[in-house]
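Peer 1: Annotations for this protein, taken from TrEMBL, read as follows:
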DOMAIN    9-140  domain 'Vitamin K epoxide reductase'
TRANSMEM  12-31  transmembrane segment
TRANSMEM  61-83  transmembrane segment
TRANSMEM  95-112  transmembrane segment
TRANSMEM  118-139  transmembrane segment
TRANSMEM  151-171  transmembrane segment
């Protein structure tokens, strides 16, 4: 192929190679996003760092356009520019190079400081992109004076472009961060969830029964609606839903009750975590402690439940001391208590079935077969979901 370019053939070849690789990665990430392989669900246990990064609001513009579409088009434009000559084309490539570098810096900081996860495919694309940008800058070099003039003109423009894109992501329409799924499951009946006496609620076409008064719960046992929450004390999104539920329980005290089933995201006690989901430190210990407190004194459970969410960074020993101070060390069952072990096993067995739809936590069984996966964007959105399905007044 003959290139009609001002650049030396050697640099044209290097630029084409790097641009094709970067464009290919951008296209693949776009396809993964558009075909639903990677969703925008907000929650814990979503899988790899790429799932967390590409599932965040920062992966979209206007709530619908994957950010990787813009990088793909930019890399494609660089390739097309190699068939062209002229000062304007050279300036465009310089601008594109600085946009690529600026985007790489911005997105790396975003992953480290805001999202808290690293997507290796994104970083590979940005790494190749930076190499491409450096190749363009070197290939376009004619003199130091020209380089300084081009840099002075293109860098501010690149900063404005990247900043504008970031503002569109931040202030523009946001994608939904939860799903409302009509769950069809086959789960063995019976088990510790349905043992005991008192009120029983059914979900998933009668496949699951929950004995309200014998299971950890918050709210009035005779409330009009009983929901079931599967969660992890070390999960930030579970904590967010915890706060939202507290507010709604205060607002609708006679209409809402929530059964609370700790479901640790750690393979030490939950072997059902899908591949790619990272273990959460202390998840098993905190879940077990909460159940032990419930078993010892249900009246103290709410206080310990709230404390764990507010102090999830404390050592396990501190949590154990808090539990003992609430119910008395002599009344606190051992971690091998039969009821505690059985309940935890049933919780994680249910998680295995629910995770076939998505591993994201928290999971809130609302009514019938309807389950909310992940958390809503706002408290108002969350309340709207419950109003829709429960007809809250």
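Each Cβ is built from the backbone N, Cα and C atoms, and glycine gets one as well.
Please treat TrEMBL annotations as automatic predictions, because they have not gone through curation.
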Peer 1: Using a Cβ-Cβ cut-off of under 8 Å, list the residues of the same chain that are 6+ residues beyond the ends of the transmembrane segment (95-112) and lie near it.
Peer 2: 49, 53, 58, 71, 74, 77-78, 118-119, 122-123, 126-127, 129-130, 132-134, 136-137, 151, 154-155, 157-159, 161-162, 165-166
Peer 1: Sort out the residues at least 6 away from either end of the transmembrane segment (118-139), same chain, that have Cβ-Cβ distances under 8 Å to it, and list them.
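Peer 2: Hits for the transmembrane segment (118-139): 7-8, 11-12, 14-15, 18-19, 21-22, 25-26, 28-29, 48-50, 52-54, 68, 71, 75, 78, 93-94, 96-98, 100-101, 103-104, 107-108, 111-112, 147.
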Peer 1: Reported in the order helix, strand, coil, what are the DSSP residue counts of the domain 'Vitamin K epoxide reductase' (9-140)?
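Peer 2: Across the domain 'Vitamin K epoxide reductase' (9-140), DSSP assigns the residues as follows: 99 helix, 5 strand, 28 coil.
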